[in-house]
Structures are given as structure tokens and as C-alpha cells.
């Protein structure tokens, strides 16, 4: 919205055209805007959640240190999502269909997560939205979205799977493989981030790092000069560059949310935040054709999800025997005696290393 205002004002005031003509400037401005919105609305929202008694439910069989988290305000993810949408409407190019798709993903998965949280925290339904209904909604949306993305991206022939650390190795994909891969990436990422969000600040930092990494790839691949210089396939789809702007909004809002979510957490994002942010990252990875880079940068999420799958499989197939003391795996380390802050910071370090490996693939090819 603001880019049109600055474009008009630039006819009367020299220099204002940088806010409408340069995506790099808008990336900076949207990250600052989303950060300030989240910081400004954070305290009032926490107070409102406390007043409405929308608080965290803690498992009785979990680490004893978690008992103090009981009734901590939850559903703070609404704050992140609202900030991202408002910032995108202000600084995004509203003619970009890719920007609107990402906003739609935020709204749809946010609605699923919100309803799940509402059932658990407000109506006191012990399990919230049933897993089969949640999975069905996610699946239908992901499949439809994957088909839409296939036809949008295929207009410029960008239907190959990019192989990291390779200059010219790409795997072509037809619609079936593309849709299946996109389905698993979007749904898997959504649920993996949701499983990771179990300790103060644990999930939001990896989310910010992965969003930043994918944003960098989006900026490079939609800039013909940078793409040619770094030997990337140039993604010339009109409006696709707005993916980088969207990523910046996620980073700004996520960092501001960490202000309130760091130990001891004043608010948790809830399913409304974690399910949505995970889905958004998956969609972005598909849009910029960097699914394998996303796997590298988001490997922490993969490990968290695999730990749950292995735990459940072991319990069912080995007569109740478990691999971990508790799953997801961050709880396993807590029950081994690691303080929560040590688990979180070490997982952050791992996520940072994975982020740097993913960035290294830009040049080491």
C-alpha cells in the first residue's frame, strides 16, 4: 500500500522513489515495521490473554520444571501473524499473486491452529481439534495449493528440483512428483515446527533463521544480475520477488516475539503460531525451488518430528518400549538433567550452524 503512496509522492519530493523502486529498501522497512508492531502490541495482548485466562496446559508426566509454565498466556502466535499481515499490506506489492498466496496460507493455517487452541484452552477440550480433522484440512489445502503453484511456476519453466552445492544439477519434476513433494513439505513443516515449540524460545529462533535464509535465496533468484552471477536459475515470475519481502516480515515479527517468549516466557505462540509458521516456511521453499536447502536449514525441525515418530513406532512395535525418555527430543534432554535454557541455546546453536551451511551453498557450488 505504501509503495503506491511513495511512488506518487516521488513526483513531488525527490528521493522517495527508493521506497517504491528498490525491494532491498522495502525488505528493511517491512522487517522494522513488523518488529515494532509486535513489540507495541505484545504487552497489551499478554495482559488480555491473562485476563481471559487463556493459559498453557502442562502435562503431568513432563519435566517438573514445566509445572511453573502452567497458565502462562498462550495463543501469542496471533500477534506474529497479525503483524506479518499488516506489514505485508503496508510494504508489499499488492499486485503479486505470490504475496497473496502467502497471506492466504497464514489465514488458513492460522484458523486451524486458532480453532485447535480455542478448543483446548478456552473450551477445555482435552485434545483440541481431532488429529484426523486437522490433517484432512491441512492435506486438502496443501494439495490444492501445490497444484496452483505448479501452474504458476511452470509458466516460466521453473519446475526443477535444485541440488545444493551443485552449479548445474537439477532434477526435472512433473505435476505428480511436484504435488506429492509439496504436500509432504508443507504438511511436514507445519507439524514439525509445532512439535519443536515446546520450550521457551526454542522454535521461534530457528523459524527466524530459516525464514532469513529462504528470503536471501528468494532475493538472489528473483534478481537477474545476482542469479546469473551466482549461477542460479533466474526466477522471473512476476511478483515472486515479494517472497523475500514476506520473509523479512516474518523475521522482524519473530525477533520481537522472542522478546516476550524468551526464558522465562511471558507468552507462548500456541498452535495458531507454530502450525502456521511451519506451513509458511514450507510454501516459501516450494515457491523459490529450494526444497533441499530448506531441509538443510530446517533439519532441527526434521529431527524433532522424527523423534516423535520413532518414539510412537517403538512403543507400538516393541511392546511399550521407548527409545527416548520423552518425545519430542528436547524433552529427552531435559529429563536427562539438562536445564531448559541449555537445551534451548544448544538447539539454537545447531540451527545457526545449519543456517550457515545452507548459506554456504550459495557460493560453494
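In case you wondered, yes, glycine gets a Cβ from its N, Cα and C as well.
If one looks beyond the transmembrane segment (22-42) by at least 6 residues along the same chain, the residues whose Cβ comes under 8 Å of a Cβ in the stretch are 3, 76, 79-80, 82-84, 86-88, 90-92, 215, 219, 241, 244-245, 248-253, 255-257, 259-260, 267. Marked as transmembrane segment by Swiss-Prot on the basis of sequence analysis: 22-42 (among others).
Annotation source Swiss-Prot lists transmembrane segment at 74-94 (among others). Cβ atoms under 8 Å from those of the transmembrane segment (74-94) belong to residues 1-3, 26, 29-30, 33-34, 37-38, 41-42, 45-46, 49, 54-56, 100, 102-103, 106-107, 110, 113-114, 117-118, 121, 239, 242, 245-246, 249-250, 252-254, 256-257, 260-261, 267-274, 276-277 of the same chain, restricted to positions at least 6 beyond its ends.
Summarising the annotation, Swiss-Prot assigns transmembrane segment to 95-115 (among others) and lists sequence analysis as the type of evidence. Through the fold, the transmembrane segment (95-115) approaches residues 75, 77-78, 81, 84-85, 88, 129, 134, 137-138, 141, 145, 148-149, 152, 190, 237-243, 245-246, 270-276, 279-280, 283-284, 287 of its own chain, all at least 6 residues removed from its boundaries and within a Cβ separation under 8 Å.
Away from its own ends, the transmembrane segment (133-153) comes close to residues 97-98, 101, 105, 108-109, 112, 116, 159, 175, 178-179, 182-183, 186-187, 190-191, 237, 279, 283, 286-287, 289 of its chain (Cβ-Cβ under 8 Å, at least six residues beyond either end). Under the heading transmembrane segment, Swiss-Prot lists 133-153 (among others), citing sequence analysis as support.
The transmembrane segment annotation in Swiss-Prot covers 168-188 (among others).
Annotated transmembrane segment per Swiss-Prot: 201-221 (among others), in sequence order, evidence recorded as sequence analysis.
Marked as transmembrane segment by Swiss-Prot on the basis of sequence analysis: 240-260 (among others).
Positions annotated as transmembrane segment by Swiss-Prot: 267-287 (among others). Within the chain, the transmembrane segment (267-287) has long-range Cβ neighbours (under 8 A, six or more residues past its boundaries) at 42, 45-46, 49, 56, 69, 72-81, 98, 101-102, 105-106, 109-110, 112-114, 116-117, 121, 128, 138, 142, 145-146, 149, 153, 181-182, 185-194, 196-197, 203-204, 207, 210-211, 214, 218, 240, 243, 246-247, 250, 254, 257, 260-261, 293-294, 298, 301.
Same-chain neighbours of the transmembrane segment (292-312): 161-164, 185, 188-189, 191-193, 195-196, 206, 209-210, 213-214, 217, 278, 281-282, 284-285, 322-324, 327-330, 332, 347, 350-351, 354-355, 357-358, 361, counting only residues six or more beyond its ends whose CB sits under 8 Å from a CB of the stretch. Per Swiss-Prot, the feature transmembrane segment maps to 292-312 (among others); the stated evidence is sequence analysis.
The feature transmembrane segment is assigned by Swiss-Prot to 342-362 (among others), with sequence analysis given as support.
Most Cβ pairs under 8 Å to the transmembrane segment (240-260), among the stretches 168-188, 201-221, 342-362, belong to 201-221.
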